[in-house]
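A quick write-up on the structure given underneath.
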Amino acid sequence: MLQDWLAASNYTVIFTGAGMSTESGLPDFRSANGLWRKKDPSQLATTEALNHNVHEFVEFYRDRVLGIKKYGPHKGHKILADWEKKQLIHSIITQNVDGFHTEAGSIRVAELHGTLQTLHCQLCNKKYSSEKYVDEDFICECGGMLRPSIILFGESLPEDAFNMAFEEAQKAELFIVLGSSLSVSPANQFPLIAKESGAKLVIINEEQTDYDIYADLVIHKRKIGEVLKEIDSMLRES
Ligand SMILES: [Zn+2]
C-alpha cells in the first residue's frame, strides 16, 4: 500500500527522529557513557555550561562528536537519498543532530535541532568542523568560544530549518514519520500541519505515538531500514 501512495504522490516529505539514528548503532547520549548518566543534560547542554564550565561542556560534546564519527548512515538513510534523486521524495525534516542524512547524500534536509557535524564561534559565527572538539580545541581564531551548531536547552529552533519544515509540511501530499515518538515540541507539530493541509500521514515507529489516531497508516515494531528496503524493492519491481 505504502509503495502505491509513494508512487502516486506528487510531493512526499519524510520526518525522522531518534529511531532512525539508533538503527545506525548510535547510542542515545543518555546511555552512551556511564559518566554522563549521572549528569542532567538540561544543566550540561546549555550556554551557561559553555560559558562557566567549558571543560565539562566540551568533554560532553566531544563524546557525542566521537559517536557520530564512529557510526554513519545505514541502508535506510541511503534509500532516502536515492529516492530524493529519483524525486520519489522531496525533502527530509529531521530531529536528529548526527548529520547522517546529509552524509548519505540527501540534499534538501531541514535539521530542526541543528547538526553536531559543525561548530561555530559564539562571537563571530565562523564555522569549523566538529573535529576540533575531538582535539579538545574550542577557541576560535578571534578568541571566542566554539559551540556545537545544535540547539541547546532553552534555545529556539533555527529559523531557516523551521521555516523550511513548515513550508514542506504544508506542501506535502504524503508525509511519512520514521522513528519518532512525536513527543518533542514544537517539532511534533509538523505531521499535524501536513495532515491539516490534506496530506496522507504515515507513522513508522517502534512504539505507539499520541499521533497514531491521526495517521492513515501506522507501522510498529519494525526496523525502519527493513521497511524502506522492502518498499524500495517493490518500487523497483513495478
Ligand atoms: Zn570567532
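Using N, Cα and C of the backbone, Cβ positions are placed for all residues, glycine too.
Any TrEMBL annotation is an automated prediction that lacks curation.
Pulled from TrEMBL, these are the features on record:
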ACT_SITE  His113  active site, proton acceptor
BINDING   Ala18, Thr22, Phe29, Arg30, Gln95, Val97, Asp98, His113, Ser180, Ser181, Asn205, Ile224  NAD(+) binding site
BINDING   Phe29, Val97, Asp98  nicotinamide binding site
BINDING   Cys121, Cys124, Cys140, Cys142  Zn(2+) binding site
DOMAIN    1-238  domain 'Deacetylase sirtuin-type'
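Overlay of TrEMBL annotations on the structure.
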| residue | record | Cβ contacts under 8 Å, 6 or more apart |
| --- | --- | --- |
| Gln95 | NAD(+) binding site | Phe15, Thr16, Gly17, Ala18, Leu112, His113, Ser180, Val184, Ala187 |
| Val97 | nicotinamide binding site | Glu111, His113, Gly114, Thr115, Leu116, Pro148, Ile150 |
| Asp98 | NAD(+) binding site | Ser21, Ser24, Leu26, Gly67, Ile68, Tyr71, Thr115, Leu116, Gln117 |
| Cys121 | Zn(2+) binding site | Tyr128, Cys140, Cys142, Gly144, Met145, Leu146, Arg147 |
| Cys124 | Zn(2+) binding site | Cys140, Cys142, Gly144 |
| Asn205 | NAD(+) binding site | Gly17, Gly19, Val177, Leu178, Gly179, Ser180, Ser181, Leu182, Ile219, His220 |
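Only Cys121, Cys140, Cys142 of the recorded positions listed as His113, Cys121, Cys140, Cys142, Ser180, Asn205 bring a Cβ under 6 Å of any atom of ligand 1; the order follows the sequence. Counting every protein chain shown, the number of other Cβ atoms lying within 10 Å of the Cβ of Ala18 (NAD(+) binding site) is 18. Every protein chain considered, the tally of other Cβ atoms within 10 Å of the Cβ of Cys140 (Zn(2+) binding site) stands at 21. For the recorded positions given as His113, Cys142, the lowest number of other CB atoms within 10 Å of the residue's CB is seen at Cys142. For Ser180 (NAD(+) binding site), other Cβ atoms within 10 Å of its Cβ number 26.
Classification of Ala18 (NAD(+) binding site) by DSSP places it within a helix. In the three-state DSSP assignment, the secondary structure recorded for Cys121 (Zn(2+) binding site) is strand. Excluding the listed site residues Cys121, Cys124, Cys140, Cys142, the same chain places Gln122, Leu123, Asn125, Lys126, Glu141, Gly143, Gly144, Leu146 with Cβ atoms within 8 Å of the centre of the Zn(2+) site Cβ atoms.
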